[in-house]
Amino acid sequence: MSKEKASIGNGPGGIGRRQFLGTAALAGLAGVVACTDKGAAPAAAAVGAPASGAHGAAHGAGASVHLKPGELDTYYGLWSGGHTGDMRVLGLPSGREILRIPCFVPDALVGWGITNESKKVMGARPDGTLRYTVADTHHTHASYKDGNYDGRYAWVNDKINSRIARIRLDYFICDKITELPNVQGFHGIFPDKRDPVDTKINYTTRVFCGGEFGIPLPSAPTEDAGKYRSLFTCVDAETMAVRWQVLIDGNCDLVATSYDGKLAATNQYNTENGAHFEDMMSAERDACVFFNIARIEAAVQAGKFKTYGDSKVPVVDGTQAANKDPKTALTAYVSVPKNPHGVNASPDQKYFICAGKLSPTATVIELSRVLGWFDGKQEKLDDAIVAEVELGLGPLHTAFDGRGNAYTTLFLDSQLVKWNLDAAIKFHKGDKNAKYVVDRLDLQYQPGHVNASQSETVAADGKYLAVGCKFSKDRFLPVGPLHPENEQLIDISGQKMVLMADHPVRGEPHDFIIFKRELVRPKQVYALDDFPLAIKDPKESGVFRNGRKVTVKITSQAPAFSLREFKLKKGDEVTLILTNLDKIEDLTHGFAIPKYNVNFIVNPQETASVTFVADKPGVFWCYCTHFCHALHLEMRTRMIVEA
């Protein structure tokens, strides 16, 4: 891989604006990262960009984010929750949080991790306790049809325990979770957009997952980082089973997929395969690894794979040594500068963009040239790079407006830069008069992920853009040491970007998607027959004993439970089943048992169950925790446990 030096230019603005992190970050890299401005003009001056913050006073000049009472948002947003382990549903442009979807960690409001049904999804030990109770969700993405979202599913990763959760977008609930084998630090995630071979399959059937942390394969307690490897994983979108994995050189970070289904890719910040801070930054160029999906699946079909440990998942060899011949290669490593932190697919279906992080550059890779290399028609793989241009300090993630412009966050500069892809390509070819930077906007502060309305689809509409700022500092009322993060909304419908709103959010969201509300068709009342344990008539209620195992069947219709009381014996193993027979939307019922650590909800026509041991004798008032009626306080029943 090329080790060419990437010159690092100075971003616009003075040191004061980036002093909080910029100075510390650059000082921390002294002696590790060679940072120099020799041979490189300042990024803003090189492209004739407007001065940093020149129109920061335009705050509020864009379209209004205020909605009148009863007025609905025009877009949904799906946000990762970070180490709250959930997915969050927002309405845009208002920025109002509508729902939190529990996924990987318990949630006391809905009883996630308490009910038997949720434990089955989350994964439990033989004794009924959860396998994991912490998580770190980073990236959310949704299923596609014909290059646009189809409203079926969304997915989110858990970086801590290498799990992927699927969300049904009809009910906005998590219905499946899969743990990836032989992977640590599962970070990037992206669904495919169509099948690479069968043109009739114009929708998502695979979800690709990147393993960030190299580990010994098979697992072993070795300190030799040279033996650590990372795997790129394919999960079946319907069954959620792991289809196959690819062994690679270096690591995986984020993931992107092409619109024709032929390619997936992951950017790499640790091609050195280093275990320590300085080792991971020693190379001046890292890579974006492309995966030829059809060839990988043909290799699996032909039995050209191995397995690791107890896993039966086929693993093909995607290392550079095993893929030197382009015409048979499964992978292709395009070099990019230095420690890139993001790869994003442009809505015109032509390019992948890698942001440099430790380089002030963004790299534009033309997909047709990558495919040309796989076909033996492109002699040098790095000739797929059609632009590599300076944007500013700390470029991380990129969004698109569908008009040929890209929007990249600059972490150290605390800016969003709007730049034109065609102009960047012209500049890279030698036209130094091409002004590729269109606009800059100061953000508050240290922006990370960014996305725009419909940005990652063929229907990118260039109206709104959201950015997740990792530090809020002075933007909100102080609440002690733990600050909220700052999610900012920006109007990108005009030539100039306009900051519209700040929103404090509980830490720590990462990535998100924004899509038109008409693309989903939510159901607000369940189908009773979808639940095998459903109690369809209150007359079916009762206590049913089989030795020391007892089943209690109860229905609820506001404002009463079907059983006024029920009796148990100390030591009974109890499974309590509750069905909400109300058919009106928003009539959700709760069920709590004091001293037994039980609380859960049932939505209209939903059935849920809990299992516990009646180990405390006495009278316990089970009551409805979710307000549903004027006689809400009277909605209770007695559980009597006899000694």
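Numbers here mean position along the shown chain, with the first residue as 1.
The backbone N, Cα and C atoms fix where each Cβ goes, glycine too.
Of the residues MET635, MET639, Swiss-Prot puts just one in the Cu cation A1 site with HIS589, CYS624, CYS628: MET635. The record gives CYS624, HIS626, CYS628, HIS632 for Cu cation A2. Within 8 Å of the mean position of their Cβ atoms, the other Cβ atoms in that chain belong to ALA558, PRO559, THR588, HIS589, GLY590, THR625, PHE627, HIS629, MET635. Among the binding-site residues HIS187, ASN339, CYS624, the ones whose Cα sits within 10 Å of the Cα of HIS139 (Cu cation Z3 binding site) are HIS187, in sequence order. Within the same chain, the residues at least 6 positions away from HIS589 (Cu cation A1 binding site) whose Cβ sits under 8 Å from its Cβ are SER556, ALA558, LEU578, ASN580, ASP582, ILE601, VAL602, CYS624, HIS626, CYS628, MET635, listed in sequence order. When the C-alpha distances from HIS341 (Cu cation Z1 binding site) to the binding-site residues TYR269, MET280, GLU485 are tabulated, the minimum falls on TYR269. Of the listed binding-site residues, namely HIS139, HIS187, HIS449, HIS626, HIS632, the sparsest CB environment within 10 A is found at HIS632. Within the same chain, the residues at least 6 positions away from ASP286 (Ca(2+) 2 binding site) whose Cβ sits under 8 Å from its Cβ are GLY250, ASN267, GLN268, TYR269, ASN270, THR271, SER335, VAL336, PRO337, LYS338, ASN339, PRO340, listed in sequence order.
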